[in-house]
Amino acid sequence: MEKNDSANGDVQQEGEEEKQHFSSVASTYFDQKIQIPDVPQTRFSFRKLWAFTGPGFLMSIAYLDPGNIESDLQAGSVARFKLLWVLMSATFLGLLMQRLSARLGVVTGFHLAEICYKKYAKVPRIILWVMIEIAIIGSDMQEVIGTAIAFYLLSNGKIPLYAGVLITIFDTFTFLFLDKFGLRKLEFFFTFLITVMAVTFGYEYVVVAPDQPALLKGLFVPGCADCGPKQILQAVGIIGAIIMPHNIYLHSALVKSRDVDRTKKEEVSEANKYFFIEAAIALLVSFIINVFVTSVFAEGFYGRRPEDIYDKCLAEGNPYAYLFNVTEVQVDIYRGGVFLGCQFGIAAMYIWAVGILAAGQSSTMTGTYTGQFVMEGFLNLKWKRWQRVLLTRTIAIAPTIFISIYEGIEQLSGMNDLLNVLMSLQLPFALIPILAFTSSTDIMGDFKNGIVMKIISGVLALVVIGINMYFVAVYIQELPHHWAIYLGVAVLILLYFGFVLYLVWHCFVTMEIEIFSRIPLLRRFYPRYQLLLSESRSDLQYSTF
């Protein structure tokens, strides 16, 4: 009897330690919780929707970062309106993934990185953390690049690129302390930045006045007639730019800022409903802004000869006219701003730069929050905000400032393409875990994914992996022809897809498909999941999707 009491005491102590870990409040964003008004659940309430509004708009900023803006304008410049349906489809798929992310946070009270801490063995968990950190740093680099280019354009080149890069260090520190004034004020500030993007890019849309029938056809008629490899590569790049891996981790943490009683399944179900509505509204806004950018360059830049643009720039006295004194030009966020200034007046260039600045600043801050959540979740490690910002800013800024000094703005802006590919390569490390955990009875109870959501999420994961294989095939052809380089790439490819296959196997085991749990060699990498989650979720019996 004493032995049993001792064993029970050990289990209880272990459970308390687990609860203490998971109940640890992140050092950012959660100093307060928004109270939900007491309104009857039998009807839709705008008061409740307003109370739940905030996390979705912060999440949607990742759909408007400088990398997305560059992907948008390149899609318009190479394929006119033909890829708008891809943009719409990718945004819809992104909404489904964000839905899973929000539900995980609402139902469990833990965010994705925290659950990864317990669900994966140590070595796979560390590898997964490294992959997500790479995605965050890659996104940080895009944001630093966008901000530096915006300062360069706004100052007519008086603020050098390296100075613009350094400014991002200080303004990030400044803006990150806004949450000291209250959670609602912080969310309002992010919403203000989204509004700035909507107004600036909307202004460009009105000035350029795209062909509306052609735009609508591009949105609702799938296909890409007369498209070649360049257009196809841009199409798959849109998916990598839109669906951001670290954003799935972010959204599951942001929803914890609302005061939801998770012991009452009705409140959990209601929170899921309102968070989904809010996310849909936020992504609709981001989609419209992305359409603005794509359409502006589809109408204004597509089919233009460099010499015609160059002559127009000279006629307008634009100091950056030399950019188009070439035989072939590929537009980016820098050249795109210059083109708008040449074609539609210098004010269009400055307004474009303001929009890029808002995109860079807003996504920089959400990226830093994501880094904090990911580090705290995967490593159970809590750093002060300034330490986290300093680390990620240094890693992102070091290569960026090197290129800005020794190569120039053209190469700096062109890095966004490579970074979009990097984002796509990291996507399986968010999609597969979120699919696994939201399909688990132990974690989600009866809020787990239905068969329809499992199929959609699984197909999306397969599509993303296929896109990554396509990217690898394309970029291998551009590498120097040397056996050592090919050998190194081959090793990296094997390691990458080997880890992806492990995550897929782990996903099937988590989804309780027994045949996959009988592989002896892999069982040691699937630790026994603690009773903490299953006990806390056992009272949730409610139908899902």
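In case you wondered, yes, glycine gets a Cβ from its N, Cα and C as well.
Whatever TrEMBL says is automated annotation, not expert-curated.
Feature annotation from TrEMBL assigns transmembrane segment to 126-153, 159-178, 190-208, 232-254, 275-298, 338-359, 389-406, 418-439, 451-477, 483-505.
A Cβ distance under 8 Å defines the sequence-distant neighbours of the transmembrane segment (338-359), meaning residues of its chain 6+ beyond its ends; these are 64-66, 68-69, 143, 146-147, 149-151, 153-154, 193-194, 196-197, 200-201, 203-204, 207-208, 296, 300-301, 309, 312-313, 316, 318, 320-321, 323-324, 331. Listed by sequence, the residues of this chain that lie at least six past the ends of the transmembrane segment (451-477) yet keep a Cβ under 8 A from its Cβ atoms are 93, 96-97, 100, 233, 236, 239-240, 243, 421, 424-425, 427-428, 431-432, 434-435, 438-439, 486, 489, 493, 500, 504, 511, 544-545.
With respect to Cβ pairs under 8 Å, the transmembrane segment (275-298) is most closely packed against 190-208, considering the stretches 190-208, 232-254, 418-439, 483-505. Using a Cβ-Cβ cut-off under 8 Å and counting only residues 6 or more beyond its ends in the same chain, the transmembrane segment (232-254) has close neighbours at 26, 29, 54-56, 58-59, 62-63, 65, 67-68, 70-71, 74-75, 78-79, 83, 86-87, 90-91, 93-94, 97-98, 100-102, 104-105, 111-113, 131-132, 135-136, 139, 224, 279, 290, 366-367, 369-370, 373-374, 377, 417, 420-421, 423-424, 426-427, 429-431, 434, 463-464, 467, 470-471, 474.
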